[in-house]
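Visitor: My questions all concern the structure below.
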Number of protein chains: 2
Amino acid sequence: METLTVALADRAYPIHVGRALLDRGDLLLPYLRQPKVAIVSNTTVAPLYLERLSGSLRRAGIEVVEIILPDGEAFKNWQTLTTIFDVLLQARCERATTLLALGGGVVGDMTGFAAACFQRGMPFIQIPTTLLAQVDSSVGGKTAINHPLGKNMIGAFHQPKLVLADTDTLKTLPDRELRAGLAEVIKYGLIRDLPFFEWLEVHLEGLLCRDPELLAEAIVRSCRNKAEVVVADEHESGERALLNLGHTFGHAIETAMGYGQWLHGEAVAAGTLIAAQLSSQLGWLGASEIERVVRLFQRAGLPVFGPPLAVERYLELMQHDKKVREGKLRFVLLKDIGQAVVSEVAAESEVRRAILARSAHA
Amino acid sequence: METLTVALADRAYPIHVGRALLDRGDLLLPYLRQPKVAIVSNTTVAPLYLERLSGSLRRAGIEVVEIILPDGEAFKNWQTLTTIFDVLLQARCERATTLLALGGGVVGDMTGFAAACFQRGMPFIQIPTTLLAQVDSSVGGKTAINHPLGKNMIGAFHQPKLVLADTDTLKTLPDRELRAGLAEVIKYGLIRDLPFFEWLEVHLEGLLCRDPELLAEAIVRSCRNKAEVVVADEHESGERALLNLGHTFGHAIETAMGYGQWLHGEAVAAGTLIAAQLSSQLGWLGASEIERVVRLFQRAGLPVFGPPLAVERYLELMQHDKKVREGKLRFVLLKDIGQAVVSEVAAESEVRRAILARSAHA
């Protein structure tokens, strides 16, 4: 087991990465404020892993309440969230009860937001079971639900007390979800870590074959990047926005296609290539760099073109992007591989051109 | 105009109390991050005051979006909250847009919670138009909506940037709401300010006659008490719970009777007398003190008995109180007039006795 720390002063917390951690209820005990937890999971993950986690906690004398949500981004909304509140109240959970998120990004985001709001704030712990959640969404305290007009529009910053990433859970992850998770892994290399990008170029097939050591290293290096950025800018007033490379376009794709049709990582991959294209139009990224980026996403089996979506639809949905300021879009762009910036300089005509260049044609 | 400060380090903010403040858009300008606001009000308050506030802001060059909610505690729920989100998105409001709450406690609580969640947090300003909101709910950053099983169950701590209390708005306040507001005013005297309680004993009729100077003094003295408590314990880990005198019983009354049937202040008045009764059973409050408290609430025209509600129903609903710890109820009780404490000592049999003694019989 390897342990990193998100060094946020009075809200610092550890990230444990390793094997068979689901059986280690003992790792959670120091973080509980009372001998009672509520575990939120979904209909896919619960049959695989819930009993192991619950059992390990019950053996340690902890009362466990279980909350099973439907699976998928399409359910990341208020209606599902109220299911959590209903059960918490019926089961007499209190401000000091800890909420555990056992699942992927959707479960983690919703559980975190429920914890942020229930009785105005209760503690929670992230136990991510997908690659995407282990490398990205479980770390950093961003929680949210979707709104029909925009992804992650309603949410809160609420840091977990602990992140427990059991790499064994990746054995049961569908291929498509493994690939989607790799999009966020590649992102760290692109925005701030050229050596990591180069390491990924060497080891991508090993990761796709789920070599446990390689996966663990990719997770740890990703989390280290994420933790550094979050500590420098917890509430995204500056640097943290870089983590959103490809997300402005990606969120538009997810919202337009219907939540869950494109996986988040798939939309981020296509969005990242639109951002790379725009960067190259601005003269920042050369043709050979673009080619390198495209090739890595292709090897990962990720889409390198967006869906056949009208440019107008992108522009309309992107108006709701959280980075918009005074009506002006701001994009995360690449000065080079390993060096991202937030920029307002792109003219709308250039944005249109980049989207067109990187969209599948209907 | 008198100005107090809620001295919360990097989140300190002023409370302005005075006349004709709705015309003073200039007081808001220093707190806006962009020349755009969204004003949330309700169908009762908007026809009276919205145009004055909007006009004053528009003349200062501010773009104003208006959001009118249905009036009443019964609408303090997720469905109404989504109305706010829908309009914010349709009107292209951003993270840096400021939300203004123009109305009573319900509008303030919902607007504050919407501001806490929209794009994970936007600034907001409280412009309370009821006595209850001016003396209590607009100050301190508690925001929430109700759940069918419990009042204010879903919410956030989110401090406003400014509180603007225009005492002229109290001229149009229905008598019943004025009286309800006085319940929270009396509360400050009871929990920590004996001289204020004595001042209220002298001036209660003047307050009921809406003497503007007396009202302004009552508001300022209430806000000063509130601000001191909030600064000492923003997130209610200790002393702040004292502000909940009468609220454990009061919330049970509001929830059981149907939100809006009993006004919050009415339920708090009846709840405070149950708490006083319990305090006297514990030997803390003498018969003459109880009598003084009852008399002041009676003069204010507030209920001094709870509704004919089964004791079991109280106990059931109070299990969801946010002060519950490890299944154990905690009450705010009175050691004396002007001196409240949080206590776990009351046995359930004593709690039952106090409720019965202070309930109207069906």
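Cβ atoms here come from the backbone N, Cα and C positions, even for glycine.
Pulled these features from TrEMBL for this protein:
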type    : residues                                                 : note
BINDING : A:71-76, A:105-109, A:129-130, A:K142, A:K151, A:169-172 : NAD(+) binding site
BINDING : A:E184, A:H247, A:H264                                   : Zn(2+) binding site
DOMAIN  : A:67-179                                                 : domain '3-dehydroquinate synthase N-terminal'
DOMAIN  : A:181-324                                                : domain '3-dehydroquinate synthase C-terminal'
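Are these features on the surface or tucked inside, and what touches them?
Guide: Other Cβ atoms within 10 Å of the Cβ of A:G105 (NAD(+) binding site), summed over all protein chains shown, number 25.
Taking all protein chains in view, 27 other C-beta atoms sit within 10 angstroms of the C-beta of A:E184 (Zn(2+) binding site). DSSP assigns A:E184 (Zn(2+) binding site) to a helical segment in the three-state reduction.
The average pLDDT the prediction assigns to the domain '3-dehydroquinate synthase C-terminal' (A:181-324) is 97.
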Visitor: Give the helix, strand or coil assignment DSSP yields for A:T169 (NAD(+) binding site).
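Guide: It is helical.
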Visitor: For Zn(2+), what surrounds A:E184, A:H247, A:H264 with a Cβ no more than 8 Å from their Cβ centroid?
Guide: A:L132, A:D136, A:A183, A:K187, A:G246, A:G250, A:G265, A:A267, A:V268
Visitor: Name, in the order they occur in the sequence, the residues of the same chain whose CB lies under 8 A from the CB of A:T130 (NAD(+) binding site) and which sit 6 or more residues away.
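Guide: Expected: A:G103, A:G104, A:G105, A:T169, A:L170, A:L173, A:E177, A:G181.
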Visitor: Among all the protein chains here, how many other CB atoms are within 10 A of the CB of A:D71 (NAD(+) binding site)?
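Guide: Taking every protein chain into account, the count is 18.
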Visitor: Of the binding-site residues A:E184, A:H247, A:H264, which one sits closest to A:D71 (NAD(+) binding site) when you measure Cα to Cα?
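Guide: Its closest listed neighbour, by Cα, is A:H264.
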Visitor: Would you pick out, from the binding-site residues A:T169, A:T172, the residue whose Cβ has the largest number of other Cβ atoms within 10 Å?
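Guide: Per the Cβ count, the most surrounded site is A:T169.
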